[in-house]
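See below for the structure under consideration.
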Amino acid sequence: MTNIRKTHPLMKIINNSFIDLPAPSNISSWWNFGSLLGICLILQILTGLFLAMHYTSDTMTAFSSVTHICRDVNYGWLIRYLHANGASMFFICLFLHVGRGLYYGSYMFMETWNIGVILLFAVMATAFMGYVLPWGQMSFWGATVITNLLSAIPYIGTNLVEWIWGGFSVDKATLTRFFAFHFILPFIIAALAGVHLLFLHETGSNNPSGLSSDTDKIPFHPYYTIKDILGALILILVLSSLVLFSPDLLGDPDNYIPANPLNTPPHIKPEWYFLFAYAILRSIPNKLGGVLALVFSILILALIPFLHTSKQRSMMFRPISQCLFWLLVADLLILTWIGGQPVEHPFIIIGQLASILYFSLILIMMPLASLMENNLLKW
């Protein structure tokens, strides 16, 4: 008698994706982040669902409803902080996942990579709209500043912004629609993640060497299931430590002040995971130029497969490219730091230099380094 796992239409899909899936024998812990992102997404959807049961998306009561969740709902404080810090963990895993893809040449799987870029945009949009919902000072002014950027689009800009706002400023209509979009987007993200996996399983996983691993495959279960469980335990440990010991570490104190359209906070800044893009936006004195740089700073990921000039896929055996990769990582950390600083000397010039370096590394230096390495190997 055949196993139900291999015959049942639904079980067969699960079996071929998570149990009998042939996986390379040498993938390192850098390949754990896909499953961790799945765990983060499930956690965010579940905690978000319970928060939505008690939240009201009206400007008069939104802030109070969040306070009510934290004070009066059973374990409401835990659900709220798991959701807020879960977003930070989500982005940490995302950045590491993308970084892994860049380092080991996973972007050569074009369909998987492009869906991944769309996923990144979708998660960023979701996080931005979620930050607006508590209706604190930083929620309101963050929404005002970021949506206002669209007014830089020639001819249709102003109309577009007012259409998104549902009025002439960020108000009740804006909050209500942001709540609606914030609720629906994670389910769209889950569907896209399914497509992401579908495309990945067409080709099979990449591995650290960047070479074909068809000759040396092992079953996903038990080898990588147990490995993913270890990753999940570490994720849960870090998240629970953050939530239970310093839940407000990554938040902005200004968001504990109810939104006031008449009082602008001294330093408007987004959550830490957007600071690098915010620094790039601010480093260009022109509004439209800044917006284009902001969008292109993420969209540039879609160009990376076309900028691959090396004859090797992975950076494992390419020391010059490795140096440039880690320079890029350091540059992104500098941009993150600058994004949280006020707009004054010397932060302005540091931000501008870091922004120039960011684009130069990806568009010019890394492709040239790859060509140089090809010549060093006399290929």
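Glycine is no exception: its Cβ is also placed from the backbone N, Cα and C atoms.
Residues annotated as heme b b562 binding site in Swiss-Prot: His83, His182. Secondary structure at His182 (heme b b562 binding site), as computed by DSSP, is helix. Listed in sequence order, Gly48, Thr126, Met129, Gly130, Leu133 are the same-chain residues six or more apart from His182 (heme b b562 binding site) with CB atoms under 8 A from its CB.
Look at Swiss-Prot and you will find His97, His196 tagged as heme b b566 binding site, backed by similarity to another entry. According to DSSP, His196 (heme b b566 binding site) sits within a helical segment.
A helical conformation is recorded for His201 (ubiquinone binding site) in the three-state DSSP classification. The local packing around His201 (ubiquinone binding site), expressed as other Cβ atoms within 10 Å of its Cβ over all shown chains, amounts to 14. Per Swiss-Prot, the feature ubiquinone binding site maps to His201; the stated evidence is similarity to another entry.
For 33-53 (among others), the entry in Swiss-Prot reads transmembrane segment, with the evidence type similarity to another entry.
The transmembrane segment feature in Swiss-Prot is assigned to 77-98 (among others); the stated evidence is similarity to another entry. Note on the transmembrane segment (77-98): residues 30, 33-34, 36-37, 40-41, 43-44, 47-48, 50-51, 66, 69-71, 116, 120, 123, 127, 130, 235, 238-239, 242-243, 247, 250-251, 271-273, 301 of its chain, located 6 or more positions outside it, place their CB under 8 angstroms from a CB of the stretch.
The transmembrane segment annotation in Swiss-Prot covers 113-133 (among others) and is backed by similarity to another entry.
The transmembrane segment feature in Swiss-Prot is assigned to 178-198 (among others).
What Swiss-Prot records for 226-246 (among others) is transmembrane segment, and it gives similarity to another entry as the kind of evidence.
Residues or ranges marked as transmembrane segment in Swiss-Prot (evidence: similarity to another entry): 288-308 (among others). Sequence-distant neighbours of the transmembrane segment (288-308) (same chain, 6+ residues past either end, Cβ-Cβ under 8 Å): 98, 102, 105, 107-108, 110, 113-114, 117, 120-121, 124, 149-150, 152-154, 276-278, 280-282, 355, 358-359, 362-363, 366-367, 370.
Look at Swiss-Prot and you will find 320-340 (among others) tagged as transmembrane segment.
According to Swiss-Prot, the transmembrane segment annotation covers 347-367 (among others), on the basis of similarity to another entry.
Listed by sequence, the residues of this chain that lie at least six past the ends of the transmembrane segment (347-367) yet keep a Cβ under 8 A from its Cβ atoms are 279-280, 282-284, 293, 296-297, 300, 303-304, 307-309, 321, 324-325, 327-328, 331-332, 334-335, 338-339, 341. As a quick check, the transmembrane segment (178-198) and the transmembrane segment (113-133) clear the bar of 3 or more Cβ pairs under 8 A, pairs 6 or more apart, so the two touch. For the pair His201 (ubiquinone binding site) and His83 (heme b b562 binding site), the C-alpha distance works out to 30 angstrom. Sequence-distant contacts of the transmembrane segment (226-246), counting only residues of its own chain at least 6 positions beyond either end whose CB sits under 8 Å from a CB of the stretch, comprise 29, 32-33, 35-36, 39-40, 78, 81-82, 85-86, 88-89, 93. Of all the Cβ atoms in the protein chains shown, 21 others lie within 10 Å of the Cβ of His196 (heme b b566 binding site). For His83 (heme b b562 binding site), the number of other Cβ atoms no farther than 10 Å from its own Cβ, over all displayed protein chains, is 21.
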